[in-house]
Amino acid sequence: MVPKLFTPQICLLLLLGLMGVEGSLHARPPQFTKAQWFAIQHINVNPPRCTIAMRVINNYQRRCKNQNTFLRTTFANTVNVCRNRSIRCPRNRTLHNCHRSSYRVPLLHCDLINPGAQNISTCRYADRPGRRFYVVACESRDPRDSPRYPVVPVHLDTII
């Protein structure tokens, strides 16, 4: 007879713990609103090469982010996408606060090419430029955000 090592309750706690660790890897630094963090991660009109552009994000998160997309547009243009018709978010089908861009924008997608990097100063990325539609999730602004925009982008859901 084999001893029972894990009860269903322990398995659930382990799973929730792993999800918490994964969620914390993608957590927004507390000094930023969701919209501010969105802008830092995804808005860059003239991004340099990925390895350089990703340093800011990696410095805040203290790790090498696996991938990221920079939209080569302004925050104001992305706010305007929030005025488009609401759709179900392609990546999170339970959310209905997504909006699809009306036109393709230039972008730079970055893929980590050395995932075993132990130090954020050694993160290296492959550059994949493109021109695509995108979908953002939008929410009412945080009181710390500029009152100029009542609804702001908070999440880049997908690139089409």
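Placed from the backbone N, Cα and C atoms, the Cβ positions cover glycine too.
Feature annotation from Swiss-Prot assigns signal peptide to 1-27; the stated evidence is similarity to another entry.
Sequence-remote contacts of a segment are chain residues at least 6 beyond its ends whose Cβ falls under 8 Å from one of its Cβ atoms, and for the region 'Required for nearly all of the bactericidal activities' (28-72) they are 78, 105-112, 114-115, 117, 120, 123-127, 134, 136, 139, 141-142, 144-145, 149, 152-156, 159. What Swiss-Prot records for 28-72 is region 'Required for nearly all of the bactericidal activities', and it gives similarity to another entry as the kind of evidence.
Cβ neighbour count for Cys50 (disulfide bond) (all protein chains, 10 Å cutoff from its Cβ): 24. Annotated disulfide bond per Swiss-Prot: Cys50-Cys110 (among others), in sequence order, evidence recorded as similarity to another entry.
In this view, Cys123 (disulfide bond) is surrounded by 22 other Cβ atoms within 10 Å of its Cβ, with every protein chain counted. Residues or ranges marked as disulfide bond in Swiss-Prot: Cys64-Cys123 (among others).
The secondary structure of Cys82 (disulfide bond), as reduced to three states from DSSP, is coil rather than helix or strand. Taking Cβ-Cβ distances under 8 Å and a sequence gap of 6 or more within the same chain, the neighbours of Cys82 (disulfide bond) are His99, Val136, Cys138, Val151, Val152, Pro153. Here Swiss-Prot flags Cys82-Cys138 (among others) as disulfide bond.
Residues or ranges marked as N-linked glycosylation site in Swiss-Prot: Asn84 (among others). The Cβ neighbour count for Asn84 (N-linked glycosylation site), using a 10 Å radius over every protein chain in view, is 15.
Residues or ranges marked as disulfide bond in Swiss-Prot: Cys89-Cys98 (among others). Sequence-distant contacts (6 or more apart, same chain, Cβ under 8 Å) of Cys89 (disulfide bond) comprise Leu95, His96, Asn97, Cys98, Val135, Ala137, Asp157, Thr158. In the three-state DSSP scheme, Cys89 (disulfide bond) falls into the coil class.
The annotation N-linked glycosylation site is assigned in Swiss-Prot to Asn92 (among others). Here Asn92 (N-linked glycosylation site) comes close to Ala137, Asp157: these same-chain residues lie at least six apart in sequence, with C-beta atoms under 8 angstroms from its C-beta.
Sequence annotations record features per position, and here Swiss-Prot assigns N-linked glycosylation site to Asn119 (among others). Around the Cβ of Asn119 (N-linked glycosylation site), the same chain contributes no residue under 8 angstroms that is 6 or more positions distant in sequence. DSSP gives Asn119 (N-linked glycosylation site) a coil state; it is part of no helix or strand.
Cβ environment of Cys110 (disulfide bond): Cys50, Ala53, Met54, Gln67, Asn68, Thr69, Phe70, Tyr125, Ala126, Asp127, Arg128 lie under 8 Å away, each six or more residues apart in the same chain. Here the C-alpha separation of Asn84 (N-linked glycosylation site) and Cys64 (disulfide bond) works out to 33 Å. Counting every protein chain shown, the Cβ of Cys64 (disulfide bond) has 22 other Cβ atoms within 10 Å.
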